[in-house]
Amino acid sequence: MKPNFSLRLRIFNLNCWGIPYLSKHRADRMRRLGDFLNQESFDLALLEEVWSEQDFQYLRQKLSPTYPAAHHFRSGIIGSGLCVFSKHPIQELTQHIYTLNGYPYMIHHGDWFSGKAVGLLVLHLSGMVLNAYVTHLHAEYNRQKDIYLAHRVAQAWELAQFIHHTSKKADVVLLCGDLNMHPEDLGCCLLKEWTGLHDAYLETRDFKGSEEGNTMVPKNCYVSQQELKPFPFGVRIDYVLYKAVSGFYISCKSFETTTGFDPHRGTPLSDHEALMATLFVRHSPPQQNPSSTHGPAERSPLMCVLKEAWTELGLGMAQARWWATFASYVIGLGLLLLALLCVLAAGGGAGEAAILLWTPSVGLVLWAGAFYLFHVQEVNGLYRAQAELQHVLGRAREAQDLGPEPQPALLLGQQEGDRTKEQ
């Protein structure tokens with residue numbers, strides 16, 4: 001690779017709002033999305049909420065002349081909704097399904113059935129290795145009473161760990177998707193602090209689009225105005241994040257969002273705004289790479305966010321244990337009721353009533369049993385994430401005890417050291 005190596009990457013990301021039978025004008029929006037992607041010819045198009053296999057196959061066929069490589073990440077009952085279209089050959093593919101993803105009995109929210117995940121594709125571009133990730137985290141629904149906060153923090157940590165452990169051979173790391181978190185939210189801070197990823201909106205030299213880079217805006221006719229009432233300018237929950245590793249430098253030359261309507265058609269492509277980033281990658285001495293520098297000033301916010309995440313997971317675990325305990329009491333009461341019904345039926349005094357109550361009592365016990373098992377699984381999932389955070393915090397304390405010099409390699413899993421050894 002030449003010392004003056006330089007590469008331009010054009011990236012597109014959109015939550016397509018492609019729920020079959022529920023999303024308005026879905027077929028028309030998919031058609032216009034395909035036309036737009038063919039016209040712009042991005043290097044990578046990473047999409048969320050393409051729930052329908054028919055929609056994916058339609059886009060795949062329509063985009064094949066411009067984007068010969070495509071993949072649909074399937075998981076859960078109705079699918080993850082994640083798919084990618086690439087102008088360049090995809091060398092490797094994998095995906096990771098999040099351990100925690102809401103509650104199956106919250107059917108009206110539906111996140112549990114989708115199998116939320118993160119997809120990874122590896123590209124080799126002019127001798128450079130690019131790891132591109134696409135993801136969609138659990139929705140918030142109610143910011144004041146967010147019952148999914150612990151799950152979203154656990155997902156953010158799981159995502160950060162997945163990126164950390166799969167990107168050690170990468171030169172450039174790219175993450176796009178609907179994180180369902182505001183920039184200042186705990187999960188978003190945890191993800192960026194632990195991985196060292198940079199926010200394209202904050203880093204760009206040239207921004208065009210909606211105010212404050214928001215990706216759900218009041219101007220969009222598909223967005224619930226009631227949900228955005230506390231946020232008059234909208235919210236920013238979709239991101240393009242990136243970093244360079246091992247002697248490379250990456251910068252965002254331009255970043256653009258759609259603005260809630262299509263000037264040619266009037267209706268937007270989705271209820272979310274599309275993100276378009278132009279990134280430049282070039283050679284740079286390792287010490288000049290901002291993503292590989294972790295001095296004492298950067299460790300303090302990282303430690304704070306790790307501790308805060310540990311606490312939030314603990315609160316979620318306590319809540320999950322409470323529900324599991326409640327379910328166990330219901331199981332006990334249900335079994336006692338069944339025993340009583342058996343006695344009544346055997347005695348013949350109230351046999352008909354006992355028979356009538358038998359089926360709902362069995363249903364109650366089965367429902368409570370499923371409820372108990374699910375929340376026990378939730379406790380274990382939260383405990384696993386909290387234990388990993390506890391280990392990281394313990395390593396950080398060990399690093400601090402080694403002396404006044406910063407020990408970022410210990411805290412960050414010696415990622416840069418491993419990379420240097422491999423080279």
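Cβ coordinates come from backbone N, Cα and C, glycine included.
From the options 256-279, 400-423, the stretch Swiss-Prot describes as region 'Disordered' is 400-423. Using a Cβ-Cβ cut-off under 8 Å and counting only residues 6 or more beyond its ends in the same chain, the transmembrane segment (354-374) has close neighbours at 103-105, 323-324, 327-328, 330-331, 334-335, 337-338, 341-342, 344-345.
Just so you know, the Cβ of N180 (site 'Important for substrate recognition') picks up 24 other Cβ atoms within 10 Å once every protein chain is counted.
For the recorded site, H272 (active site, proton acceptor), the DSSP three-state label reads coil.
Across the structure, H272 (active site, proton acceptor) and N180 (site 'Important for substrate recognition') are spaced 11 Å apart at their Cα atoms. For H272 (active site, proton acceptor), other Cβ atoms within 10 Å of its Cβ number 25.
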